[in-house]
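According to TrEMBL, the features are:
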{"type": "BINDING", "residues": "T105", "note": "Ca(2+) binding site"}
{"type": "BINDING", "residues": "H110, H114, D120", "note": "Zn(2+) binding site"}
{"type": "ACT_SITE", "residues": "E111", "note": "active site"}
{"type": "DISULFID", "residues": "C126-C139", "note": "disulfide bond"}
Amino acid sequence: MLAGVLAAAVPFGVQLVVDTSAHAAQVTTLYYSSSGAPDYVTQIDQAAANWNNAVTDVRLVKGGSATIVFHETNDGQGSYTSTDGHGHGQIYLDRQQVAEGFAPTRIAAHELGHNLGLPDDYSGPCSEVMSGHGPGTSCTNAVPSAAEAAQVQRDWANAFAAVGGVRQAE
């Protein structure tokens with residue numbers, strides 16, 4: 001039996017072949033660029049890897065025609081993303097927020113979560129990346145919770161379609 005193909009013997013020596021891969025979830029690849037945030041390349045790559053380890057229906061890959069682009073700012077406004085929640089967005093990492101003690105890998109994972117369609121949940125525990133700055137500077141967790149991963153899996157199971165833009169604050 002071939003991967004993704006089911007073969008069955010039918011009377012009179014005829015073989016019926018059914019492609020079962022069409023029923024498998026479609027994997028969407030989203031490309032990101034960290035070139036606009038040179039001080040945080042390692043942290044951005046780790047945040048993307050954390051999401052890739054948590055979900056299978058969408059993959060974050062560095063390079064290509066990036067639809068998620070990271071930038072650094074130093075304006076004290078806090079990190080944020082301008083996104084449609086469907087894999088297209090501009091992410092701004094605030095150096096002043098990092099200087100205050102917030103973990104840049106957590107910030108990047110949080111902002112990527114918005115680009116994957118998740119909302120803020122500032123009242124959530126440190127174990128949820130979408131709780132953002134809510135738990136304070138002592139929280140460095142940058143790994144999505146099982147519930148966050150499950151929501152992204154549900155949302156991307158059949159490849160999210162792009163829609164209008166939304167700005168999400170960190």
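Using the three backbone atoms N, Cα and C, a Cβ is placed for every residue, glycine included.
Within 10 Å of the C-beta atom of T105 (Ca(2+) binding site) sit 21 other C-beta atoms, taking all shown protein chains into account. The number of other CB atoms found within 10 A of the CB of D120 (Zn(2+) binding site), across every protein chain shown, is 17. Over all protein chains present, the Cβ of C126 (disulfide bond) has 15 other Cβ atoms lying within 10 Å. Around the Cβ of C139 (disulfide bond), 19 further Cβ atoms fall within 10 Å across all displayed protein chains. The DSSP secondary structure for H114 (Zn(2+) binding site) is helix. Checking each of the recorded positions T105, H110, E111, H114 against C126 (disulfide bond) by C-alpha distance, the shortest gap belongs to H110.
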